[in-house]
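Asks: After the structure tokens below, expect a handful of questions from me.
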Amino acid sequence: MSANDILDVLNIQRDESNQPPKKKQKSSSTPTLPDGKQLTGMARELYNLVGPNTPPINLNSNSYTANKEKMKKFKPSPWTRMPFTPKQGIELNHWVKGSKELIEQQEFEEDGTPKPYFFEKYNVQLEIPEFVDEDTYDLYMIEIKEYESKMKEERARREKERKEREKRDLEEKKKKQQQQQQKSQQNPQNQIKDDEKNQDTRNNTDKKDSEQKSEDKPTVEAKKETDEKKDDVVLKDNTNETKPVTETTKSETETTEQNNSEKTNENETNKTNDKDGEGNLTKSKDSATEDQSNNKKENDEDTESEWTYKETKHLFELCQAFELKWPIIHDRFPNPNRTAEDLKEQFYRICIKILENQKNKNQALIDSLKAYCKPRELERKQYLENLLKRTPAEIAEEESLVIEARRFEIAAKKMLMERSNLLTLLDSPQTTQNVSQYQSSQGITNLYNNLLIYDKHQKKKQMANKSNPQQEPVPPPIPLAASSSVKRDRGFQTQLQQYLSSFLKQNHHTNPAVKQEINSIQQLLMKRLTQKEEEAYGLYFHGTEKLNPGVMLRSQQKLPGLNQRQSILKSVNILLQEMDIPTGGGTSWKPIMPTRKTMAKYDELIRSVVTLLDVKKAKDKLESEIKLIKSQRGL
């Protein structure tokens, strides 16, 4: 027995405060399922978060009984099947909420007139002009025919003008062809005459050469001379006999050539005439076929335009019934010869006339109806059919052509950009003086002479300066752009002058020319330079500034303002980019023109940017602290 059991038997109560604490049963750290399996991993974490996801065993049985009582108290509303007639000759039924007597009472208004159908507001119809009687229709058709006849006359006039232009062009072409043929016929005759002249000149030159040779020969022996004379006589006789033969043969050949050329030209002219005749025949045939087709079209239009009163009335009824849905109207129209375009044209023509004769006519609507053109609509449909009937190869070819066109456009744009850039680079500075006087040879010679005279004067001045060393040397003139308002310390200038004067005294030369140069330098150093002269000569006194030994470019100089951390330099670079100030990046930042003034200003700018960033950082920190304190205090 335990101590508690003994105390219960003896009816002795124990103070709970003095009792030792009960030992708690140790629960396993890992949860277990009812099957005894332990949960691990993700399932264990979900179990610890959600707990055992088991539905309660006890069901509330009162909910069903409460709902049942509510259902008993609820009374269903009555629904009645009522007839209605949306159109004449049709009677339909639908369910309406409420009793029959109440609905019948609500169907009539206080005056006793029946109320309109509730869903009648959704029955929207197009506003089509009312069709006119037969007399007005006939008047409208007469006006339409007169207007169309005028339009046809204008078209015929334009076609005639076009044909006349074509005929004129053909006649001009024929005249040009005939002129070319005549020129081609004249050219061979001129060539023959030129050949004859060339041959005559050649023969004359040959005769002269032979005579000169015969005169130049020495007469040594009389026998030889006599023999030669005899031979010459014989040769002359032979030549005289042969000349007419050759001339006759030449004339015969020339006549045959002329006859052949004339025959060929006649054949060519006959061929061209035959071709022209064939072309004229084909053109006349084409024109005849065109005239026949135009006449057929006109006859078709005349037959199509003959609309009766009954047909148009039926057309308006169909348009009103089917709300201008033209495929359905064309399908329901009794005349199969009428196309959808014919129906549209007739409907729009009559509507235009009706609207024009109204008192309050809408001009914008009339203009929109007049914009319809039947031949244009037929062409549009034909183009659309051709587009839809394209093969895949044709589509791919068109796409490739579009891509090539775009490439050409891009290449043209690039070329224009490059051309403009080159023009800007090659653009020469505009001269203030007139250059036309130096374009001629006389102007160039004058310019050359002037330059020579100027050079001589300069040499004379130099010789005079050397001969007069006692004159005070004059420094070169200072440009206006070199002036500035910056003040500098003048103590360094005096120190420099003292140092150079002592240096020149130590290095004393015996050469008189060197002495003259030293004297001029001493005089320049003894003279006190002004601020403008210092800027013009580029003199600068560093003072307490430390300089590295050796030669150094100013563009390679490291600015003292750049001795910052890398993060600060990045933020400085971002800010300079926002201000559109060019930088080289990294630690070698420098302006485009690194002069002394620009480098100094650039260093000041970087230092001011660094201080500005520090101030901004401190400001942001203070603002965040203020917001935090306000949120803590609930302000």
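Heads up, the Cβ atoms here are built off N, Cα and C, so glycines get one too.
Sequence annotations record features per position, and here Swiss-Prot assigns region 'Disordered' to 1-38, 148-305, 458-486. Positions annotated as compositional bias 'Basic and acidic residues' by Swiss-Prot: 148-174, 192-240, 263-299. Annotation comment: Swiss-Prot describes 303-353 as domain 'SANT'.
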Asks: May I have the DSSP-based helix, strand and coil counts for the residues of the domain 'SANT' (303-353)?
Replies: 38 helix, 0 strand, 13 coil
Asks: Can you tell me how the residues of the compositional bias 'Basic and acidic residues' (148-174) break down into helix, strand and coil by DSSP?
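Replies: Tallying H, G and I as helix, E and B as strand, the rest coil: 27 helix, 0 strand, 0 coil.
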Asks: What is the pLDDT of the domain 'SANT' (303-353) when averaged and given as a whole number?
Replies: 89
